């Protein structure tokens, strides 16, 4: 048989495997540097028992960069960890790693070695009487697929959640499966408008994960943030204080504790924690972004305290904080060019000091980006609409972008903000007797989108009467 025929047979077998090469991970080329950086941070600074998968993901990223020899090194590390941490179920736990080995060797043209790893997968499938030669359905592989998807960004979260749910069906008390599920559900919360029931469920899965993983401080700080979201800040702060006394996963604890304290209004404490975290992870886009948000929060605090007219020392402090915030947001973008909200935050900071041209430039960069998450698209249209309404003095453009955001039907917190902003603008126009027919029609649309059909009809009827008064022919 020719080498070409061998290659085709091997390729037909490879596509049946369950591993990073067949999971259709959505990773854009500009995202790879930041993804690799976050993987290395996790390897170095996150104290976890669940670290085999991260070496597999690193191997896949190395392959995407054309570094197949480095990919093999990462896969060997994963193999060693399996023998060390999962010796009693090494076969099952090795399926993904072996699949990745086979793919990397195939891409290197080393077909005999690729076949060796295919044989390992096939033998394990036979051992467990699996009906497929190369595809094993088991909770452990579902879990690893979930971790890979979760690490690759928001556009993969729904699929990650499904994977962890599938894993939990097979083993509902497994600590790792519960941890992955809780983290993914927590991250998805920001994309969705949750009902009271769903919010309670999100809180429940985090508490369950903490119970099953009592030594995992990372999941504890996420629970703290969730409690803060739900108005239970005092209870959340207890978890934060406990986590800060631990030496485990300090870089991660510091960054999430900082987020907690910034949202609480304790911005100085948040900045102190962020600076400590940056000592160990200086290339973290997340940390630089959080620092920018802190500096901007301090600037807004001073403006509010001076009735938005700071003078003297306050003016100097505001100017200094604005420059610090701009510097941090620009650093964020340099480290992660696909950090969409960093462009928005940078634009809004420029708008605060009247640099509208620069603000417009950065808003346009955010609007032009290829964005997969509907909630994020809504959020950017919301912020740009606000910019046009309050800084650009263009109600037309503001309305256009509020409506563009609302055309995206995803139910989310951002959609609620768009509805509220459009409603306030329409009511203000009516109060000022400006474009009343159009504004009343917009109120009708808002009621319709809220499901308030009778109120919507009343608004539309009123708009028709007003239009008829203005133009009897109509």
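Cβ atoms are placed via backbone N, Cα and C, with glycine included.
Noted in Swiss-Prot for the protein shown:
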type	residues	note
REPEAT	52-85	repeat 'TPR 1'
REPEAT	95-128	repeat 'TPR 2'
REPEAT	141-174	repeat 'TPR 3'
REPEAT	182-216	repeat 'TPR 4'
REPEAT	218-250	repeat 'TPR 5'
REPEAT	251-284	repeat 'TPR 6'
REPEAT	305-339	repeat 'TPR 7'
REPEAT	340-373	repeat 'TPR 8'
REPEAT	378-412	repeat 'TPR 9'
REPEAT	437-470	repeat 'TPR 10'
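When each of the listed stretches 141-174, 218-250, 305-339, 437-470 is scored by C-beta pairs under 8 angstroms to the repeat 'TPR 1' (52-85), 141-174 comes out highest. Confidence in the repeat 'TPR 10' (437-470), given as mean pLDDT, stands at 92. Beyond the ends of the repeat 'TPR 6' (251-284), by six or more residues, the same chain brings 37-38, 41, 45-46, 217-218, 221-222, 224-225, 228, 233, 236-237, 240, 243-244, 290-291, 293-295, 297-298, 301, 335 to within a C-beta distance below 8 angstroms of the stretch. Tertiary neighbourhood of the repeat 'TPR 8' (340-373): same-chain residues 26, 28, 154-155, 191, 285, 289, 292-293, 296, 299, 319, 322, 325-326, 329-330, 332-333, 379-381, 383-384, 387, 391-392, selected by CB-CB distance under 8 Å and a gap of 6+ residues from either end. DSSP states for the repeat 'TPR 7' (305-339), grouped as helix (H, G, I), strand (E, B) and coil, give 25 helix, 0 strand, 10 coil. If one looks beyond the repeat 'TPR 9' (378-412) by at least 6 residues along the same chain, the residues whose Cβ comes under 8 Å of a Cβ in the stretch are 191-193, 340-341, 344, 347-348, 351, 356, 359-360, 363, 366-367, 371, 418-419, 421-422, 425, 429, 435, 442, 449.
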